[in-house]
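Undergrad: This is the structure, below, for whatever I ask next.
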């Protein structure tokens, strides 16, 4: 990817993108080389630094470009020019010729070629785009056709203006509500720790009561419908009665299965509660974990900005080639024209790599916390120590794990693209097969992502390579399958409700505050912005919480497998988890059977062992 970036800059693509070029292949603001077969190429345009389009509003949506002759000019028209005489006066006054190079300003109103070689009038008021030296119309209504493809209500410009004015007028409220969502997320993380036991059981009871109540209502409706159907025999009544019977039977089966699952997993729910309680303590000892999503997001934004810039460079890379209209286009030939494919692969891989670095950093810090018996002996900054270990020892592990996810993502994206292109053309069988393949790849990607996260934890514990760590993590997860299911269902459901709670609370506060504003008509867009930001913040915070719980669970499973609390094999776990072990010693002994199996045991990291 570094070679691709260097190649685009060396071939002049960066200069063409930033400085702009005209329809004859000349880069604005510099001397140019003659292009064979193009009359107006090779000009000295040192004084003409801006690209001006004769018809800037003529946009080709299919090929995503402006269908207009482009020229280099010394200044953009800062006011509307209604006639050719105004264009001529502007050229004489400002020295900026807006017609093609072969016409002199004195010929604008007399030469018959002026209708084709001069801009379409009225020429809209325009201003240069910062850093890109293109003259863009100030009035956005010029791009109504382009915007129509993105916003359906753009034809009613008053609606758009009201929405924009709503955002601008309520910007202080929007910022305040975004800050509120940030505070609510932090408060919720503290609350979950202290009321995790009550919260989990309340949710469990509500789910059970909801299932029983729904099943009872369906059977009651079926009985009532059957009594009324005996007096009125119609086809519709029979169909309704049959549908109610099917619904009632399905609900009964679902409720019975749910009750059985709850019965089997009741003790595992207690483990989920204990892990959530310990996760709260982790955030107290490692407060920098809270800011981990922000650093990751910042790095992703930097990389995406770089990637987009290089992609734009690639769009202007190549050799100048005359097109059918007699103008110049830059096209790459040979194998180099496929460079953007590699660039897309790099986007997926490096994005996954950055996210994996976050997972490895969190795993390393939590593992250090777990395997340090005396918490006062923790390193000053476990997060920075984890980052240091990642950079020094585990970048290859993270690169391999993220590459495996990339190998699954790329075929799925290709299949999705094929499905989109063939929409309405393929038969039902082909459509079904495509969707089935996409679904299977999606499921495989999710499973691999979960396995990767646990592999990073095993790497943080044992400092082994990716494949060994993945194997060790997979064995532990299989041995604790029911616990994993309980944590992922109950825990994820709790965190999802937490996200909903934060979004609803922020939205309600937004409605109450925005309702007192009378300066604008519509506040739908400000409310949507606030709710989206609240969900994003809640997701960032609670996803880190979920990640910490998963790491703690793997540490706990390894701890209980290789230690039993006896002298010389003391547990590393927190007191809350020890209470859980004592309360379910018999079941834990059955779950941990085979702890002395053959093979290499997973051992704590050096930092944890030394501090013990």
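Using N, Cα and C of the backbone, Cβ positions are placed for all residues, glycine too.
According to TrEMBL, the signal peptide annotation covers 1-15. What TrEMBL lists as transmembrane segment is 173-192, 199-222, 242-265, 286-307, 340-371, 493-514, 520-542. The region 'Disordered' annotation in TrEMBL covers 588-612. Under the heading compositional bias 'Basic and acidic residues', TrEMBL lists 588-603.
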Undergrad: Using a Cβ distance cut-off of under 8 Å, indicate which of 173-192, 199-222, 242-265, 340-371, 493-514 has the most pairs with the transmembrane segment (286-307).
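TA: Looking at each of 173-192, 199-222, 242-265, 340-371, 493-514 in turn, the most contacts to the transmembrane segment (286-307) are made by 340-371.
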Undergrad: Ranking 173-192, 199-222, 242-265, 340-371 by the number of C-beta pairs under 8 Å to the transmembrane segment (493-514), which range is first?
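TA: The stretch I would name here is 173-192.
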Undergrad: What residues in the same chain, six or more past the boundaries of the transmembrane segment (173-192), come closer than 8 Å to it by Cβ-Cβ distance?
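TA: Beyond its ends, the transmembrane segment (173-192) has Cβ neighbours at 167, 199, 276, 280, 283, 290, 494, 498, 501-503, 505-506, 509-510, 513-514, 517, 526, 529-530, 533-534, 537-538, 540-542, 545.
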Undergrad: Excluding the flanking five residues on each side, which residues at least 6 beyond the ends of the transmembrane segment (242-265) place their CB within less than 8 Å of a CB in that stretch?
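TA: Apart from its flanks, the transmembrane segment (242-265) reaches 204, 207-208, 211-212, 214-215, 218-219, 221-222, 225, 482, 485-486.
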